[in-house]
Amino acid sequence: MSLFDHSVSELHKKLNNKEISVTDLVEESYKRIADVEDNVKAFLTLDEENARAKAKELDAKIGAEDNGLLFGMPIGVKDNIVTNGLRTTCASKILANFDPIYDATVVQKLKAADTITIGKLNMDEFAMGSSNENSGFYATKNPWNLDYVPGGSSGGSAAAVAAGEVLFSLGSDTGGSIRQPAAYCGVVGLKPTYGRVSRYGLVAFASSLDQIGPITRTVEDNAYLLQAISGLDRMDATSANVEVGNYLAGLTGDVKGLRIAVPKEYLGEGVGEEARESVLAALKVLEGMGATWEEVSLPHSKYALATYYLLSSSEASANLSRFDGVRYGVRSDNVNNLLDLYKNTRSEGFGDEVKRRIMLGTFALSSGYYDAYYKKAQQVRTLIKNDFENVFANYDVIIGPTTPTPAFKVGEKVDDPMTMYANDILTIPVNLAGVPAISVPCGFGANNMPLGLQIIGKHFDEATIYRVAHAFEQATDYHTKKASL
């Protein structure tokens, strides 16, 4: 039995009782990485020397003081979250050898909690993708079946947890990039409310949509990790000054009287029968525990995909303009003048998907098209947000599938961008509205790949999401299933 089959609270107890050491946990990670990483390819950079040194330092503290719950726990960090002195590439050749000079706020908080960073995790380049096939280095594979994608863009973060390489990880979610890979890899992934977790030190893709969040094996562990990284940060102008409650207190298993809304758009056209049936089965479980559900409508959901790609690509066009070969990152050698420097550095450094989105965003922001595309997309975004507010006036949570289907095979959709984009039709509306949502395992498809249940909550009401997710998790056994590599 792996140490990582235990929960955070169980491992914390074992550490305090000196049944195990922090070094044991770190070595568990690196041994598992040595065994499976050649196949999974979840990591881009390992930090073995520093991790082992930190483990020895923490071992000396066991029993000497009151250590927090995350003390000594091994974590993986998505490679678009900056780490001081530890290579951060965003899975892009343009940042292939970039060593940041500061830590992201979430990394500072994790260090303060005495977690140990095992390494940096693979992803779609600059978080643009749904399969991890857009990594500038190599594609991560799904631990449940190496012929399948792990999802994206936080594919490395989800795969590392599913493969038992780390206890938990951090990802980022712009249009589903935590929840979709969590669903595909059979783990738990939460996108917090926009502003709940500081974005300081997250390399920006789309600043009005990006949010850092936890990926774990269980809902309880997810709540522990969110508790540690949440809160106001003066270094992030979009960080919200909203009290962080005790997420663990609500994990009682009680959902009696809970009012669930199920959007007809989330079970209709484009959603596979397996995903639909898994949600209906989950609703029966929750109904049996005293919750009630009704069908509702989110009428503007049909515009979410187009709205998202216009807005996110427009923001990416602006955010990625900083990668020009002048200040940091790779610089082209094929240069005769300043224009060559900009053009050749970006042409050589960015992958095809990143270039595609930069071009789309630049077009949407260009003179003569701004009102027709970008401004109109912002107006539709407001309508989508209003849809959620109208539903939440009468219901506690919204439930539906995380993805339309289980994971697909490597290479199956890589040459068809529109088909690839459609994988996010159920997760994107959440980002546009800024509300929180979690994906928890809820079954398997005919291809024996995991399915995810998406539970969406009101702004800053992660506590209710966790309560529902935990109740469902404890009433079923999907969270006990493991990928067998």
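All residue numbers here begin at 1 and follow the chain in the order shown.
The backbone N, Cα and C atoms fix where each Cβ goes, glycine too.
For Lys78, Ser153, the entry in Swiss-Prot reads active site, charge relay system, with the evidence type sequence analysis. The annotation active site, acyl-ester intermediate is assigned in Swiss-Prot to Ser177 on the grounds of sequence analysis.
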What Cα-Cα separation, expressed in whole Å, is found between Ser153 (active site, charge relay system) and Lys78 (active site, charge relay system)?
-> 10
Once the DSSP letters are reduced so that anything not helix or strand counts as coil, what is Lys78 (active site, charge relay system)?
-> strand
Far apart in sequence but close in space: which same-chain residues, 6 or more away, have a Cβ under 8 Å from Ser177 (active site, acyl-ester intermediate)?
-> Asp124, Ala127, Ser130, Gly152, Ser153, Ser154, Gly171
What count of other C-beta atoms do you get within 10 angstroms of the C-beta of Lys78 (active site, charge relay system), across all chains shown?
-> 32
